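As recorded in Swiss-Prot:
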BINDING   THR77, ASP98, ASN126, ALA127, SER143  S-adenosyl-L-methionine binding site
Amino acid sequence: MTTEHSQSKKTIDFGFSEVPLEEKVKKVKGVFDSVAGNYDIMNDVMSFGIHRLWKRHAIELSGIRPGNVVLDLAGGTGDLTKAFAKRVGKTGRVVLADINESMVRVGRDRLTNEGIIGNVDYTITNAEALTYPDNTFDLVTISFGLRNVTNKDKALEEIYRVLKPGGQLMVLEFSKVTQPLLAKAYDFYSFNILPKMGKLIADDEASYQYLAESIRMHPDQETLKKMMLEAGFDKAEYLNMSEGIVALHRGWKY
């Protein structure tokens, strides 16, 4: 399992490849520049459309109330931002943050067109170097984005720093399937069908191949839980969804 516990190494995984540390951000940016216009379709293809149910369940568990301040990291096209903006109301605030300008632009245009305005900010942000003061947010979410972060340990430490005491991190991410037969079927789909769907939908087989590989290289459920605790979180737990195709990790700062 590849983790970022030791950043003394000079290379890191980019899917199944090893690239120099400083190149991963650029390569990930290239992937999401390519898929930004078809991102929602991509999520449907990767999850059989079930990502909406996973996100809805995460939102219900968030406990967000009017007046809360939320940071939606790797916010993409704004699915979670939209839901949280409605829940925090006029007295709250949601920040849609993404390292990729193309994704921020798609999210901003989509939410503006849907009338989600007035309590949402948009920013290009690196999760490893958040520009917010300590103790700023009631909730930080990162949905289907942590696996693309170069230094996950640093990002988790930064998230912990900007959370208010009593605040919560929610990580919704593809994880390790717990049922052996389903795991084999999902692997076959990910590596044999998903890239071909990417070619068909977006004329981009390589980006979809990377996305499949990035899921395989992401820390498993227990490893990510341990990483959260080592980053400073006082409590961490996870909930498997769809037999572990996705896991929802939650961490609290007391």
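Quick reminder: no glycine exception, Cβ is built from N, Cα and C everywhere.
All features noted in Swiss-Prot, drawn onto the structure.
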residue	record	contacts (Cβ under 8 Å, 6+ apart)
THR77	S-adenosyl-L-methionine binding site	TYR39, ASP40, MET103, VAL106, GLY107, ARG110
ASP98	S-adenosyl-L-methionine binding site	LEU73, ALA74, GLY75, GLY76, VAL104, GLY107, ILE124, THR125, GLY145
ASN126	S-adenosyl-L-methionine binding site	VAL25, ILE99
ALA127	S-adenosyl-L-methionine binding site	LEU73, ALA74, ALA97, ILE99, ILE142, GLY145, LEU146, VAL149, ALA155, GLU158, ILE159
SER143	S-adenosyl-L-methionine binding site	LYS55, ALA58, ASP72, ALA74, GLY75, GLY76, ASP79, LEU80, VAL171, LEU172, GLU173
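Residues THR77, ASP98, ASN126, ALA127, SER143 are recorded as binding S-adenosyl-L-methionine; their most distant pair of Cα atoms lies 17 Å apart.
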